[in-house]
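See below for the structure under consideration.
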Amino acid sequence: MKNILVLFLLISLSSCSEKENPEPETELTGIYPVEELLYFGDKNLPTDNITTYEGIELGRKLFYDKRLSSDGTVSCATCHKQELAFTDGKAKSIGVNNAEMSVSAMSLVNLTWNNRLTWDGKSQTLEEQAFLPMENHLEMNQDADITAQILSATDEYPVLFEAAFGSEEITPQKITKALAQFERTLISNNSKYDKYLRGEYQATESELRGIQLFFTHPEAEQGIRGGNCGDCHLGSLTSGSTLGFEGLHNNGLDNDENLEEGLFSVTQNSYDKGKFRTPSLRNIALTAPYMHDGRFQTLEEVIEHYDVGVQKSQTLSTLITAASNDFITDPNGEVRLALTEQEKQDIIAFLEMLTDEDFITNPAFSEPKQ
Ligand code: HEC
Ligand code: HEC
């Protein structure tokens, strides 16, 4: 605990002095210290792609570059906009030639603390994931080899690749490595909730009740009321478990008849039908519409789903069927969380605490000046 306090003191001291005596901008080079966050847990950093300032700068430029797409109209940022916490505000994302995808764009946040990426968990690393949007015909639709050739023919890129990777040669692997380095810096840790955790913000009564409800599993018999959210949206990251595929769940969106493949498409195990990644809820107030298919427009609709809208199916999570604030008398009856109106509002008050203004305005994440 003492170390933690010393660290906070150091962090706050250094940020104070920066503000008081603005130093002339010095260019930082070399290894970038991906932030240690005391309450986020273990990082998942590769050993064969060390994050450097040069790599981040290159990755950021690539992230905003439309030349990565076949018709030159789409960049990563087309679907991952900073002001929307790196989502696009659409239920289904639109790529080149106005092609509509089958899923909603995911927020890019605190990715260093994940082990499975995309809604169905098909990628394990950011390096591997970056190939998918680049080459998918519904997204950027351009072979990474072609992209490497296009970038090699520019004036600016060979120099940047040299700075980041020690050689001017541009390869698909290096492109994805640079993108991954930039993505690892997209850290959101300055929401009201973070400030509350660090003792810098006094939460309102409603927010305090919301935090309590969010992280409590209800026990009707013992009079313990809870929203049960934290059973899946774990800890201060509010995202799924990083143990194997345990972070993917069926949260009751559809019945057996309409169950989508989800994780089944990755494992071919019928028990995995309808299971999707438990996404982080950080900045959730900015990332509507909600769920993998964008079916809910508002957080109120999301809460109604968990309260009374859960659909039964073979693979519905037992973390949901086992949670109710009501006494469950009929085991075959409806799954109901049975929250009061006030409790629903309190949980939303907590979700709104997760908005991080610094994250969506941080100039280090925005489109670089040409
Ligand atoms: C046409 C819109 C579109 C474009 C362009 C796009 N993405 Fe995405 N992104 C999505 C969608 C939709 C998902 C969810 C995909 C899925 O589940 O299969 C996603 C998911 C992701 C994820 C997974 C996040 C998580 O938490 O699991 C990462 C990382 C990502 N995109 C990075 C990128 C990068 C890097 C680029 C550029 C090379 C890019 N995206 C381009 C729409 C897009
Ligand atoms: C059984 C695990 C589980 C529980 C319990 C749970 N969630 Fe989820 N949550 C998920 C999964 C999985 C998804 C993604 C589902 C999908 O899109 O198919 C999700 C999605 C969401 C989304 C949409 C995220 C986005 O980016 O679109 C919100 C908001 C949300 N949950 C809030 C809550 C709240 C609030 C509670 C408690 C009332 C809760 N969840 C309880 C697993 C769970």
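From the backbone N, Cα and C atoms, a Cβ is placed for every residue, glycine too.
A TrEMBL annotation is a machine prediction, not a hand-curated record.
So that you can see what the record holds, here are the features copied from TrEMBL:
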- Cys76, Cys79, His80: heme c 1 binding site (BINDING)
- Cys229, Cys232, His233: heme c 2 binding site (BINDING)
- 205-355: domain 'Cytochrome c' (DOMAIN)
Let me check the 10 A CB neighbour count of His233 (heme c 2 binding site). How many other CB atoms are there?
21
How many Å lie between the Cα of Cys79 (heme c 1 binding site) and the Cα of His233 (heme c 2 binding site)?
24
Identify, among the binding-site residues Cys76, Cys79, Cys229, Cys232, the residue whose Cβ has the fewest other Cβ atoms within 10 Å in this structure.
Cys232
What's the CA to CA span in angstrom from Cys76 (heme c 1 binding site) over to His233 (heme c 2 binding site)?
26
For His80 (heme c 1 binding site), which residues of its chain lie six or more apart in sequence with Cβ-Cβ distance below 8 Å?
Phe63, Phe86, Thr87, Asp88, Ala105, Ser107, Leu108
Taken over the domain 'Cytochrome c' (205-355), the model's mean pLDDT:
94
Is any of Cys79, Cys229, His233 (binding-site residues) within Cβ reach of ligand 1, i.e. under 6 A, and which?
Cys79
Can you tell me which of these binding-site residues sit near ligand 2, meaning the Cβ is under 6 Å from at least one of its atoms: His80, Cys229, Cys232?
Cys229, Cys232
Does DSSP put Cys76 (heme c 1 binding site) in a helix, in a strand, or in coil?
helix
